[in-house]
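Engineer: When I checked TrEMBL for this same protein, it listed these features:
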| type | residues | note |
| --- | --- | --- |
| TRANSMEM | A:12-30 | transmembrane segment |
| DOMAIN | A:16-155 | domain 'DUF1468' |
| TRANSMEM | A:45-64 | transmembrane segment |
| TRANSMEM | A:85-102 | transmembrane segment |
| TRANSMEM | A:108-125 | transmembrane segment |
| TRANSMEM | A:132-154 | transmembrane segment |
Amino acid sequence: MNKRAIQVQLGIGACVVCVFLILYAIPYWISAPSNMRNIVLSPRFWPYAIAGLTGLVGVGMLFANRKANADDAPVNDPIQDPRAGLIRLAGMAVLMAVTFWLLPRIGMVWATMLAFASLAFLVKTRHPKTALICALAVPLLLYVFFAHVAGVAIPQGEFVRLP
Amino acid sequence: MSVIDSIMAGLALVGNVEAIVSLAIGIVIGVIGGAIPGISATMAVALTLPFTFPMQPINGILLLLGVYKGGIFGGSIPAILIKTPGTPASSATVLDGHPMAARGEAGRALGMALWASCTADLISNLALILFAGWLASFALSFGPPEFFALILFSLTIIAGVSGESLLRGALAALLGLLLATIGLDLVYGTNRFTFGDPNLMGGLNFIAVLIGLFAIPEVINMVWNPTGHIGKVQALGGKWVTFAEYKRCFRSIVRGSFIGVFLGAIPGIGAAPAAFLSYSEARRKSPNKANFGKGEIEGVAASEAGNNGVAGATLIPLLALGVPGDVITAIIIGAFMVHGLQPGPMMFVMNVDIIYGLFIGLIFSSGLLLIVGGLAIRGFKPVADIPKRILMPIVLVLCIYGVFAVNNNIFDVGVMFVMGWVGFVMSRYHIPAAPFLIAFILGPLLEDNFRKSMLMSGGSPDVLLRGPITWFFWALTLIAVLAIARGTLDKARDKG
């Protein structure tokens, strides 16, 4: 992606967000008292102002892009295999979703141990033994600190409970 | 309470081993965090924040300030040894620091960086002590219209942290302002974007948003490109900086410190411009100007004095007005809030012991930085060798525990994950995260003061221009906007 493509996509995106906010999100997702006498005191006033400014910035981006010189150089550093990169990103999204789902079910310690090991596996660490030791030790140490020093009620889950 | 009483109250708070140890640990964490490329001082402060929850407020805040100060210095270590600034503030240090390292004088460059950093830090802390109280006593007479005008002016910070594109910075700020509207309305208590979920009624958790925005994108970036590697570490060499060299560079160090103090006290400018300005001034005035860029020790001293001069001064608007001076102080505001403290003029009345405790702790921090920094220089190599593919899973687990601990709420972990993806997409589109965070913090304050002003005046906008203080801030805002517009146009003309 070059600078121009980024600017165009962001400009269009900002305009779409502006229209969506003004026409749908703010009227339907923000409740305001029906007897509002002064618009500036309404709970909708501030979001409308932000939506309007977003639209202006979007238009500004499109306008600035029209005046800018063509520059086809990619703005992000290239990676060796973008397809594998996308698969890893999808894996990361799944990892986060599963961790979030597991946190209340099996407990934070076990869920984060799994998350640690899975992430190290996902990025193909060259130190699998160290990763495994850290995957066990780091969540346990953090549990000890937060549960026994800070007094935080770390979720224990429904299966194996720690002291 | 007299000044002496306040100092005594402050000493009672920090005159114990626990406070000094907190500060020292903070500096160690900061130096290590700043020294690891990819962690940065900002992320180090964000990750340390949850560990301050069980601590006394003063110790927790001192720990974070230690991380901040240590992080700014720590960034100079990889800048000199591997030509990779650990923090953006250390970019100017690369110019002369790395050429010195390349010719086997890394120890000399790092020694000068440390001495210059400590001197600038001390000057910056003294400036904080002198000016914050004065500014706060002035701010005690502020009402909602004055605060609205001040916060509006503070939002011009965004121009300073927008990086290459002002429009992208503005877009990030608007997104931050929009997300800050989530929750119950401040005046009427009606729902705004809550979808009936009780978790959203209090708004998005600030710590979850900031950790999601600053730490998680680094983890996702590593997943996207796991083989991104750091450069070759240079040896320290046998030569060390001498007192005669420090004396020769002293004028540049003091000049750089004052540049840092001045720029740091203005919200939004930050350490990197201060370092570059200090560097260019030192080059302009130096008899050795031809050596700058080729490994001149005065260049290292000036850039480090510039960036460390900022570290105390950014706390002036934070403590006196409740407005963050840069991204890191924006995170430190979170620590104040978590401990039930509201930075701003009232803190100088309600919590004067904490204010003076912080001042005394900060004076200690310059000395501690000298000791810890000296050890860190020698111990950098093992830190640089921590494999990133082990480090990032540790960061992920730290983030999960830290964010959960704020409210004992798993929903916040979900918010952090989502914000992590938002931050990753923003980084791919080169949208800076700092304006987002600053707008997220200042947005509710801006809206709250605006609506309070309107309620006071029965809806008349005249109240926003009710006296000399509001005129002053409106004039500053106008000047800042004009300067930003002029700078943007000049940049566009240079490119065109």
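Here the Cβ of each residue, glycine as well, is placed from N, Cα and C on the backbone.
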Engineer: Determine which residues of the chain contact the transmembrane segment (A:45-64) at the Cβ level, with the cut-off under 8 Å and only residues 6 or more beyond its ends counted.
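Structural biologist: Same-chain residues near the transmembrane segment (A:45-64) but 6 or more away: 7-8, 10-15, 17-19, 21-22, 26, 30, 39.
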Engineer: So what's near the transmembrane segment (A:12-30) in sequence-distant terms, Cβ-Cβ under 8 Å and 6+ beyond its ends?
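Structural biologist: Long-range Cβ neighbours of the transmembrane segment (A:12-30): 43-44, 47-48, 50-52, 54-55, 57-59, 61-62.
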Engineer: Give, as a single whole number between 0 and 100, the mean pLDDT over the domain 'DUF1468' (A:16-155).
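Structural biologist: Within the domain 'DUF1468' (A:16-155), the model's average pLDDT equals 89.
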Engineer: When DSSP states are grouped into helix, strand and coil, how many residues of the domain 'DUF1468' (A:16-155) land in each?
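Structural biologist: Result for the domain 'DUF1468' (A:16-155), in helix, strand, coil order: 102 helix, 2 strand, 36 coil.
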